[in-house]
Structure formats: C-alpha cells, structure tokens
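The following features are taken from TrEMBL:
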type: ACT_SITE; residues: D174; note: active site, proton acceptor
type: BINDING; residues: G33, R96, C97, G126, D127, G128, S129; note: ATP binding site
type: BINDING; residues: D127; note: Mg(2+) binding site
type: BINDING; residues: S172, I173, D174, R209, M216, G217, R218, E272, R300, H306, V307, Q308, R309; note: substrate binding site
type: BINDING; residues: R480, 537-541, R575, 582-584, E638, R664, 670-673, R744; note: beta-D-fructose 2,6-bisphosphate binding site
type: DOMAIN; residues: 26-331; note: domain 'Phosphofructokinase'
type: DOMAIN; residues: 411-696; note: domain 'Phosphofructokinase'
type: REGION; residues: 1-398; note: region 'N-terminal catalytic PFK domain 1'
type: REGION; residues: 411-793; note: region 'C-terminal regulatory PFK domain 2'
Amino acid sequence: MAGAAAPKRQDTRKFFENLSGAGKSIAVLTSGGDAQGMNAAVRAVVRMGIYVGAKVYFIHEGYQGMVDGGDNIKEATWESVSSMLQVGGTVIGSARCKEFRTHEGRLKAAHNLVLRSITNLCVIGGDGSLTGANLFREEWSSLLDELQQQGLIDAEAARSNSELHIVGMVGSIDNDFCGTDMTIGTDSALHRIIEVVDAIMTTAQSHQRTFVLEVMGRHCGYLALVSALACGADWVFIPEMPPEDGWEDNMCQKLSENRADKKRLNIIIVAEGAIDCHNKAITPDYIKDLVVRCLGFDTRVTILGHVQRGGTPSAFDRILASRMGVEAVLALLEASANTPACVVSLVGNQAVRLPLMECVQMTQEVQKAMDEKKFDDAVRLRGRSFENNLSTYRLLSYRKADSELPNSSFNVAVLNVGAPAAGMNAAVRSAVRVGITEGHKMFAVNDGFEGFYKGQIKEIKWGDVGGWTGQGGSLLGTKRTLPGKHLDKIAEQMRIHNINALLVIGGFEAYVGLLELSSARDKYSELCVPMVMVPATVSNNIPGSDLSIGSDTALNAITDTCDRIKQSASGTKRRVFIIETMGGYCGYLATVGGLAAGADTVYIYEEPFDIRDLQANVEHLTQKMKTSIQRGLVLRNENCNENFTTDFVYQLYTEEGRGVFDCRKNILGHMQQGGAPSPFDRNFGTKVAAKAIQWITQTLKDSYKGGRVFANSEETACLLGMRRRALVFQPVSQLRDETDFVHRIPKEQWWLKLRPLMKILAKYKTSYDVSDSGQLEHVARLRPKETKTSSAI
C-alpha cells in the first residue's frame, strides 16, 4: 500500500504488533435475524484474525451449526471471504436454535469447540444471540468438567481450553440494542425504505394519494422515526411514542390542512409494533380506513416486510462492520479471565467496547419501561441518538397556526456556498421550518455569496420547502464566490433586509467566507450578528468536523460503481481497475470508499508515495493474481500527486503487469456529487441544521441589547461540527490554526487511522495504532445535561 507506515513516536500510543494471535483459534458466527453488513464483519474478523497469526473458523448456521458440529465448523482462509463485502444477508448462514437453549445443546457445542481448540468466539447477532453467548461463557468451566467426566475430553484438553472469551457485534436492522448508536444493517434497511418512499412519492403525487407505509420494528421505532425524518412524512407511529386519545381527529386535520396547502400527497409511516396509549395496536389498515372514512382521500397501504432486510449493504454498514470486526479481534486478543464478555459499539464516530450484559440489561429495561407505559424513560434509555431524532421530528412535524407562534421579530438568512452536496436541501428545509417555529422570519439567499451581494434574497415560508428532503444538489443554488471583495454590498443587503443572523451551509468556501465576514466586523457593524456554518461537502475536508453533509451519498456512489466494476472484472479474470475519486487534496472519499469497496491500494495526498511504493503495489497485485482472487481495485484521489496522474498510474500498471493482468481506468467525476441524498445525509442535514437554528435563537437573545442585535465576540461566528462523540459549536477563528489553507484540508484528520485497517484487510503488513481502543467502558444510564456548546448527535 502506498506510503510506508508512519514512524513510531515515543509517546502513549500503543501498537497492536505485540498482540499476537499465534496459537489461538477464533470462531465467528452469525445468529438470529440476518442484517446487511454481517458479511463485511465476518470478512474483517477472518482477515484480521489470520493477519495476527490466529486460526479462524466459520461456524455455519449460527448456534445450530455449533451444536451439530461436523462440516458446520470449517477453517476459513483469506480467499474464502473474498467477494462477500458487497453481499447482503449472511454467507455463513443464520438460524434460530432451540437446542442451544438447553443444557444438552450447549454441552454438545462446547465439545465441538474443544475438539478444535476454539476458545475465542465472535458472535454477530441481536440481544438474544448475545445473551445466549454470555450464558455459554458463564457455564463453560462446568461444561468442560462434565465433558471430562463423560470421557469425551481429557484433562489436558480441559486445561488448555479452560477460558472462553466472547466478543459480540450487534447485527440488527431495527437498531434496538442499547449501548450503540447504530447496529450493523440499520443504515442499509433505511436505504431500502427510502428507495421505496421516493418511488411511492412520484406515483402518489400523480394521483393526489395518501400512502400508509408499514416498516419493521416490532419493539423499536428507530427505522420508522428516521425514515419519517428523512422523507418529511406527515405522521409517524412508533411504539415509544403512543399518540394521545383523540389522535385520529388531529391526524385527519393535519392531512386536510396539508392538502389545502397544495400538497398533492401524504405519507404516513407506521412501525409494525405501533400502539396507542391503551396498548392497542395501530395497524396500517386501521389508518387507511380512518382516512378514507373521515377525509375521503384515495389511500393505499404498502407493507415493506423483508425487502428491508435484503439488498447490498450501504457504504456506512460496510465501514461500520469492518471497523467493528477488527476491533472485535483486538478485544479477543486482549481478553483475560477476568474481563467480562464485551460488545463492540459505535458512539458518535468512535468504536467503543461495552460490557455485554450491561447493554443487554439496559435493552431489557427499555421493554420494561414500555410495558409500564413509562414512555419518556424508554426513549431516554434508548440513548442520545434516538432521543435527538425524536426531538428533531417533534420540532419539524407540526406546523402551528401563525397566532400560536412566538414573534421574535428577528430575520434569519440561509444560503448554500461551494459545490452542491446531497443533503443541502434537507438542511435548508429543516432550518426554515425550525426558524419559523421559533418565531423568526426566514430568508433564502440564492447562489451563495454572489447572490447575496446582488440582492437575490427573498422570504421563504413553511410550504416553500415541502418535499425538499429527497432532492439532490442545491435548490437555492450555490456558487464558490467568496464574500471578501464584496463586503460593502453584502453589508448593504444585510441592512436593506434587516438580516439579524446567518446560517451558511456549505464546503470549504463557506468556512473561508465565514472567516472573512467575521474578520470584517470591525469595519461593518451590519456583520455583527450571530453566524453559524454547517459543513456540507462531498470532500469532507472541513476543519472542526469529522463528517460533512453529502460525503455519505458520495461514498455510496463510489461503492456502487466499484461493486459493478468488480463484477465485470470477475468475469474477465486477471484485471486491475484504476479508479479516480473526487475530494481535492482530501483523501477521505478515496480511503473510506476503498475500505467499503475492498480496494487493494489507495493513493492519497496525505500519505506521500513514490515510485518504489507503486512498484511494490504492482508486485503485490501480481502475487494476488496467483491466488483464486484474480482481480484488483486501485483507488486514486484526484490530487494525490501532480506527477503520478491517473494516466501515469494506469500506464505503469499496464506495463509492469503485462502478461499477468491487464488494466482499465475509470474517472468517476461529478457523478459523486449527484443523485438523491442517502438517508444518513438527509437525517444528518436535518438534525444539524435544526441544532444550528436553536443556537442562533439563543445567541440572538443573548446579543439583543438596546433595541438591536450586536454580536462581535468570536463565539458568535461558529462552525457546528461533529467531533468524535458529540456535535460541537466552535468559533471559526479558533479553527484557523487547524487548517492547511493551501490544500484546503484540516491539518489532522481522524479517518487516517482507518488506513492501516484498510491495508490489513488488503493483506499488507502495516503498523496499527490501537491506543484509542481497548478501554472497556460502562453504559451511561443517567446522562448529565448537555451544555449549550456541545450535544450528542
């Protein structure tokens, strides 16, 4: 892989080279319901396990295969997990197993593991599967005693296999497991739901129809809630938020108001476990009959069912599962007799380890709270991600009458700056509606700062942003123009329209633009207003934020294309594809896209490489062609090196690979910016913009003195970014030192830590810093109140 590993500094970092798996055997199984991304997790466990020198086994058909033994437990090879990254479901099979619930079944399973010296188990499944694994671990020593008494194993086998270590990964499309923000499969299920909703919207609009959609989630409303946010549904029913008595009249009133507002369709989303406040099920058919009876609207029901479990995993799920799989192997290598069974989780943007039974107990507490009708407690126990989705939905869901709105007498302008990014429109819609709910007059600026100084500013109302969430690009229009040369005219427009606050949604130009505006406050009093920026760019190159709106959609575009390319390569055999991605000088799309697509090599600007590295990469691919995997995928970031262009790399590989493999090249170009936004980008854009407007409201109140707004401290010109586990407001002036302005990238980038992981999965020897992982944390039950500047996502 391009670029030698970074030299080890003498500091607190610890590397995993000293964590050897030699002499250890790891088994991986998938259990319970299948979920897209399980295969990516299996692949990561197998390859990381083999990489550290352990023997790795597949257990086919879940716990049933462990009980039955025989050919169900097979040693895995590096090649045996090739081509499974993009496959949905689970290649090694899953099954519900009644026998494992009995003592006899677990005794058989223990015997089958001891026969192969397997004492490390990686279980990918839901809370039932993980609870079963924990019970198995607790009984392990007594099971070995029993096997010894029956003469099935000898004393030496019992001694050498005396400890069983278990690490869990949660695979569940419902996202119903406490302790992790996202479970493997949830994002892909949202993709399926949103594809269907987008398709239904076009037919519903043609006929002025109402559609009632039932999505999965017997005990958890996450899928229904997030898909309602992501498509701007009129109403959502989830188990955690049963509607009050009289909801039927309220819902029908809202639907008829929307029709009167010229809205040609209504979407109602129902979780399969939806109930009312008397614990009575709310079914799609009941809602349909209600709408037809009360309103006479043409209404249809669509039940998505197992479609949500199917299809290829999204880029997010592949990356999540790959990170979790590698982390799970590290956890097994570090496990000792007194470490509890743990589960690998995602909190914000960080992989963490949590005690398995703490998570299971908290998941059971949610159900108990629901049974006792303590729904607020259930929502809180679900975690911050769920809570924030619900509060954002409540903010956006219901349009109050003008007489009910507070009148803030503040004018807030929204603009898009930089290149278009999918999800910008969802952010604008959210900002406009939350702003109106808070009593502000909202103004839309067309064509970024260029439109601003030309006076392309007009008031934007609630109904103007209807249906915006699913639209790609920027409906307001966006330009790369910076405000610096036009400050006089911008200040004049601020004065003419009496703009009291600015929300800028965009990329690097938006960040530089905000710096220019805040620096000019001394000269122009009109600029002494609260300003906040929300990062939206496919390149994900904004300092102060781990993620930007639009980059997830771009990653999915790259991953889809790579899947198709790999398919064509597997038909021709011995073919290597060189693919160029966008990103300017930022290697995020290339690196993370490479991880999601299973690339062999990724060239980026941040990790310099020379001709020797290129030569080594060609040699690596030549060796690979001798195995059963006869295809290669090389990603190159567009600005990674001015001399080693895509053409140069293509020609070099063609020449050096002659007689062994042939080459093709593909420049993905602007297709990475286009298309409908992914569910993640719609949801992220909606939540972040809502939070930005709430910050504006508070800052306006704090800076309103003597009949006018005056804000000139550095805290009043902020960037709202995701930092590790939380959304944080940071003064743009403080981010200046973190920025490489020449190359338009942050000086430090979190995703560079994913590069060694990608190299390991492509069979390169590398150094991997694991100081971030390894600490077992505890599940937070009661959380402290969030500060004004920081909150969880």
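Using the three backbone atoms N, Cα and C, a Cβ is placed for every residue, glycine included.
Feature map: TrEMBL annotations on the structure.
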residue : record                                        : Cβ neighbours (10 Å)
G33     : ATP binding site                              : 21
R96     : ATP binding site                              : 14
G126    : ATP binding site                              : 22
D127    : ATP binding site                              : 23
M216    : substrate binding site                        : 24
V307    : substrate binding site                        : 16
R309    : substrate binding site                        : 19
R480    : beta-D-fructose 2,6-bisphosphate binding site : 16
S539    : beta-D-fructose 2,6-bisphosphate binding site : 30
G584    : beta-D-fructose 2,6-bisphosphate binding site : 21
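Maximum intra-site Cα distance, ATP binding residues G33, R96, C97, G126, D127, G128, S129: 14 Å. Annotation for R575 (beta-D-fructose 2,6-bisphosphate binding site): same-chain Cβ neighbours under 8 Å, separated by at least 6 residues, are S568, A569, Q630, R631, G632, F661, D662, C663, R664.
Take the binding-site residues S129, Q673: by the count of other Cβ atoms within 10 Å of each Cβ, the lowest one is Q673. Packing around C97 (ATP binding site) is summarised by its Cβ count: 22 other Cβ atoms lie within 10 angstroms of its Cβ, all protein chains included. G128 (ATP binding site) sits 11 Å from S172 (substrate binding site), taking the C-alpha atoms as the reference points. Separating the Cα atoms of S172 (substrate binding site) and G126 (ATP binding site) is a whole-number distance of 6 Å.
For the region 'C-terminal regulatory PFK domain 2' (411-793), the model's pLDDT averages out at 92. Of all the recorded positions given, namely G126, S129, D174, R480, G584, H670, those whose Cα is no farther than the 10 Å limit from the Cα of R218 (substrate binding site) are D174. For R300 (substrate binding site), the count of additional Cβ atoms within 10 Å of its Cβ stands at 15 [all protein chains shown]. A separation of roughly 20 Å, to the nearest angstrom, links the Cα atoms of C97 (ATP binding site) and R309 (substrate binding site). Closest to R309 (substrate binding site) in space, going by CA atoms and restricting to the binding-site residues G33, S539, G584, is G33. Reported as a whole number, the C-alpha separation between S129 (ATP binding site) and V307 (substrate binding site) equals 23 Å.
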